[in-house]
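Chemist: Pasting a structure here, questions to come.
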Amino acid sequence: MFSNISKSLLCCTNAIGPNRALAYALTKCPVFLEPPLSQCRNYHEVTGDIVCPNMVRGIDHLRDPRLNKGLAFTLEERQALGIHGLLAAKFKTQEEQLDICRISIDRYEDNLNKYLYLVELQDRNEKLFFRLLSENVEKYLPIVYTPTVGLACQRFGLIYRRPRGLFITINDKGHVFNILKNWPEPDVRAIVFTDGERILGLGDLGAYGMGIPVGKLSLYTALAGIKPHQCLPITLDVGTDNQDLLEDPLYIGLRQRRVRGKEYDEFIDEFMEACVQRYGQNTLLQFEDFALGNAGRLLAKYRNKYCTFNDDIQGTASVAVAGLMAAIRVTKRKLSENIYFFLGAGSAANGIANLTVAAMVAEGLTKEQAQDRVYMFDVDGLLSTRREGGVPEHAKAFGKNIAPEKSFEACIAKIKPSCLIGCSTVGGAFNENVLRQMAQNIERPVIFALSNPTSKAECTAQDAYNFTDGRCIFASGSPFPPVQYDGKEFHTGQGNNSYIFPGIALGVIATATHHIPETMFLTAARTLANYVSESDLALGRIYPSLSEVKEVSLAIAIEVAKMAYDEGLASVYPEPKDLSKHVSSMMYSFHYESSMPVVWDWKPEEKFNVRPVQPVPKNI
Ligand SMILES: NC(=O)C1=CN([C@@H]2O[C@H](COP(=O)(O)OP(=O)(O)OC[C@H]3O[C@@H](n4cnc5c(N)ncnc54)[C@H](O)[C@@H]3O)[C@@H](O)[C@H]2O)C=CC1
Ligand SMILES: CC(=O)C(=O)O
Ligand SMILES: [Mg+2]
């Protein structure tokens, strides 16, 4: 019935009145763009939203967090959008709004309340939220991420308000694609998903685990500038084996025991297929916080078939190896001269151990020689081939033909490691005896307490310094306050995969890489280690400061992009001449853009007054 222009004029006219309707229609309306809206990526570049601006009613510019600028709307915008009068008279800059946000958050003493403030801000004004986070990483990362996000997950039933991300349950098996279609964004490039079985070191939190993919994706945008509409957090709800949750009246997930085995595997298969069917073959699929029984197994199954990685295995490996590389500059011991002892022999430990082996091989050892330098201790004791039950399959490479031992401290005395790496979820496991022994064995012991959140860290930064006479090189998964030792202050670094996954994701998305080889994580580790300055090391930090993490993420993305082309993994062709420029051009702007329609030959006759009616083109 209607031509395209008539349709656009119709919707524009209904929404914002005839004067501006034509201007909109001529410049922005999706029915004018080819290909149509559903496939048009440019459209998102313009609006960042799937809502046709021509169909947005005035008030929706305030209600939609992607469009809302609050008091930062100019008088001209307020009048043009029909929101004049809906806002107080004052005009504020984004900078003034950021000040108010900081004051508001500081008023809360409780971190969970700070978390809720930030969630509400994201729901209200997306650009303000991401700019606040990206410009205050040190201050707010511990709120949207570990440790506070752990608490938020534990209280998820209480704090759950508005939908953010998709919940897909095992009952939806057979219909996963249809559920993905309900997500309102057509241009998703990255999905972070969990089944909630190993949320940080807090165990099985079932559907309450949703806080983790949401938090991780906030870092995609804040730390690497990946556009929010390209990110989709998902929780795969297959039930929970956490009895407390099954009995919790507030629990919001499926109230049943976890589905496992064939049915679970079929569900994950269907999910992976549905994601690429809905969003394309190069959609980045990040596994997050899957339990040991599934994490490594699913990575092995999918790593060469999808554009996928497991953050807990590979992202963690990369950040830990970067820390070990930087530590060399202090210890003067090559990677291949260390003895590594892991407390915990799960996903994180094996990921780190395997990448450390690869790095030692690059220094000249054989794989076997490198593996010989790595020992592990899990819930059943030292990984000895002689112990009852043997060495678990996932850690076979690190089992040793030595006498079984159940005492961790006895192992330290026997093995005399130079690097002690905690990925055990056992808070305080590196006690005074353990740390003193490490200091006795070696001049500069490396101590990593990587378990999250803070309550699960194997030791605090202060204890690590106190009990090693201030000689340790320390990093932790969650942040610790500065250490005071011997009249000096030290700022220890955060060995957390958040230094890695945002940059990897940006590089992968920018090149539409079709799968992610292990070597990318070694490249990312080297890039991160190179960012550590002498002043970082003097402060006690083997990672750059968190205020530099955006720069680091971009550097990692560029290296990843180079590698994608060098190794024939990229799908964006022709290859951009200037890769740095290409990667940067993909990034989100944290600053407000004009909400005024872009028009040609159109000048207001009188400022702040009614606009002149435009002549309708003859050739409609
Ligand atoms: N800093 C970072 O970037 C990251 C930190 N992590 C943290 O590492 C921890 C472990 O994560 P995953 O390896 O994925 O878990 P996992 O469940 O795969 O492995 C846990 C390991 O700890 C062992 N363990 C449990 N209790 C123990 C005990 N009492 N004594 C000795 N060993 C014990 C288990 O046997 C298992 O080998 C979590 O707290 C997680 O938050 C994980 C990924 C990234
Ligand atoms: C940091 C992270 O991914 C974890 O603790 O699971
Ligand atoms: Mg994780």
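Even glycines carry a Cβ here, placed using N, Cα and C.
According to TrEMBL:
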ACT_SITE  TYR145  active site, proton donor
ACT_SITE  LYS216  active site, proton acceptor
BINDING   GLU288, ASP289, ASP312  divalent metal cation binding site
DOMAIN    122-303  domain 'Malic enzyme N-terminal'
DOMAIN    313-565  domain 'Malic enzyme NAD-binding'
Chemist: If I take every residue in the domain 'Malic enzyme N-terminal' (122-303) and average their pLDDT values, what number comes out?
Modeler: 97
Chemist: Given LYS216, GLU288, ASP312 as the recorded positions, which ones have a Cβ positioned under 6 Å from some atom of ligand 1?
Modeler: ASP312
Chemist: Nearest to TYR145 (active site, proton donor) by Cα distance: which of the recorded positions LYS216, GLU288, ASP289 is it?
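Modeler: Ranked by Cα distance from TYR145 (active site, proton donor), first place goes to LYS216.
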Chemist: What's the CA-CA gap between ASP289 (divalent metal cation binding site) and LYS216 (active site, proton acceptor) in angstrom, rounded?
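Modeler: Approximately 11 Å lies between the Cα of ASP289 (divalent metal cation binding site) and that of LYS216 (active site, proton acceptor).
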Chemist: Just jot down the residues in the same chain as GLU288 (divalent metal cation binding site), at least 6 apart in sequence, with C-beta under 8 A of its C-beta; none if empty.
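Modeler: Counting only residues 6 or more apart in sequence, the Cβ neighbours of GLU288 (divalent metal cation binding site) under 8 Å are VAL192, PHE193, THR194, ILE212, PRO213, LYS216, ASN310, ASP311, ASP312.
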Chemist: Taking the recorded divalent metal cation site as GLU288, ASP289, ASP312, identify the other residues of that chain whose CB atom sits within 8 Å of the mean position of the site's CB atoms, giving them in sequence order.
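Modeler: Going along the sequence, the neighbours appear as THR194, ARG198, ILE199, ILE212, PHE287, PHE290, ALA295, ASN310, ASP311, SER347.
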Chemist: Let me make sure I understand the structure: which of the recorded positions listed (TYR145, ASP289) has the fewest other Cβ atoms within 10 A of its Cβ?
Modeler: ASP289
Chemist: What recorded positions in TYR145, GLU288, ASP289 place CB under 6 Å from ligand 3?
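Modeler: Within range of ligand 3: GLU288, ASP289.
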Chemist: Three-state secondary structure of LYS216 (active site, proton acceptor) from DSSP?
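Modeler: It is helical.
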